[in-house]
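Below you'll find the structure, written out as structure tokens, and then a few comments.
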Amino acid sequence: MSPGLDLEQSFSQALEGLGLSAQAARMLWLPFPMLLVLVAAVVGVLVTVWLERKISAAVQQRVGPEYAGALGVLQPLADGLKLLVKEDIIPDRADSILFTLGPVLVVVPVILSWLIVPFGQNLLISDVGVGIFLWISLSSVQPIGLLMSGYASNNKYSLLGGLRAAAQSISYEIPLALAVLAVVMMSNSLSTVDIVNQQTGAGVLSWNIWRQPVGFLIFWICALAECERLPFDLPEAEEELVAGYQTEYSGMKFALFYLGSYINLVLSALLVSILYLGGWGFPIPVEWLASWLGQPIDAPLVQLITGTVGIVMTVLKAYLLVFIAILLRWTTPRVRIDQLLDLGWKFLLPLALVNLLVTAALKLAFPVAFGG
């Protein structure tokens, strides 16, 4: 297996080549990962917002944004700048501290979760051995921020929206975690890198989606519910709750909710790509590519090609899922709150438990195929 590109090592070697010491190069690297995550997350959101507006326009037989840049690609940037300069209003009887802290607690855990997303063998910010556990832990913080925002607004619609958001997030967090646990059981690791490496044996046929079709569907449905996408957008249902927990927010605080929602959608799509669709898996064995180029498998040229293709493969798979999520938003009706909770507790949770038990049995019966 090709070791792939190593961002930290390449960065340090480049700075040391300019005459800096190894310690100085390491110090300069420290803020770079978070900057890289922020840039990647914001660019991902801008692309997703543009895709959503163009796809929704196509579904409704409209043109969509077309004047702000070619094909309207600058429209999301214009919307973001508009929100930046809008007045930030705090209601008179709102709890100003909790009102301000709520959006921060919603968006910060989502951004931190990007640290464990790999785009290649060494193309990730933090290869912690418990990356999946870290992501589940961070995602469990978000309902606190949603409930805090609804409560602090001193508005009945905001409070109901916050309660709905917390109930929905808790209801779907459990089956989602059980679906991921089945994948972890097969790969014998909580590391996202190990999970992708476990899917590289036979190309497309070794993807986890073939061994975990039920887990894949459970994860995707729960991810849409966690992102509050239609048909699961009850916390901000306009006909019932005005804008839910976002009702009293404006300016940059409202933009944080908007940003967090789309960052979470792109993150969920990337995680589905990593857990079930082989991640950065190269379409052909790397040994064949190295042989065709007449280079050793660890040659810089081979690493560059495999790293680039890995990033492209991961992003393409993720945006295919984003496209499906956008289509679902504009083609499916909203469910009722009782239907949403029944789906989570009475259907997905038992199904996820059965899927986990069946995976454990298959792992014992067929250890080679199921990662024994």
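Cβ coordinates are placed from backbone N, Cα and C, and glycine is handled just like the others.
According to Swiss-Prot, the protein carries these features:
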type	residues	note
TRANSMEM	27-47	transmembrane segment
TRANSMEM	97-117	transmembrane segment
TRANSMEM	128-148	transmembrane segment
TRANSMEM	166-186	transmembrane segment
TRANSMEM	204-224	transmembrane segment
TRANSMEM	266-286	transmembrane segment
TRANSMEM	308-328	transmembrane segment
TRANSMEM	347-367	transmembrane segment
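Same-chain residues lying 6+ beyond the ends of the transmembrane segment (347-367) with a Cβ under 8 Å from its Cβ atoms: 172, 174-175, 178-179, 181-182, 185-186, 212, 214-215, 218, 221-222. Distant neighbours of the transmembrane segment (166-186): 132, 136, 139-140, 142-144, 146-147, 195, 198, 208, 211-212, 215-216, 218-219, 221-223, 225-226, 228, 232, 234-235, 275-276, 340-341, 344-345, 348-349, 351-353, 355-356, 359-360, 363, 370-371; these residues of the same chain sit at least 6 beyond its ends, with a Cβ under 8 Å from one of its Cβ atoms. Counting same-chain residues at least six beyond the ends of the transmembrane segment (266-286), those with a Cβ under 8 angstroms from any Cβ of the stretch are 1-2, 41, 44-45, 48, 110, 113-114, 117-121, 123, 135, 180, 183, 192, 195-196, 199-200, 203-204, 206-209, 212, 215-216, 219-220, 223-224, 226-227, 297, 302, 306, 309-311, 313-314, 317-319, 321-322, 325. When each of 27-47, 128-148, 308-328 is checked for Cβ pairs under 8 Å to the transmembrane segment (204-224), 308-328 comes out on top.
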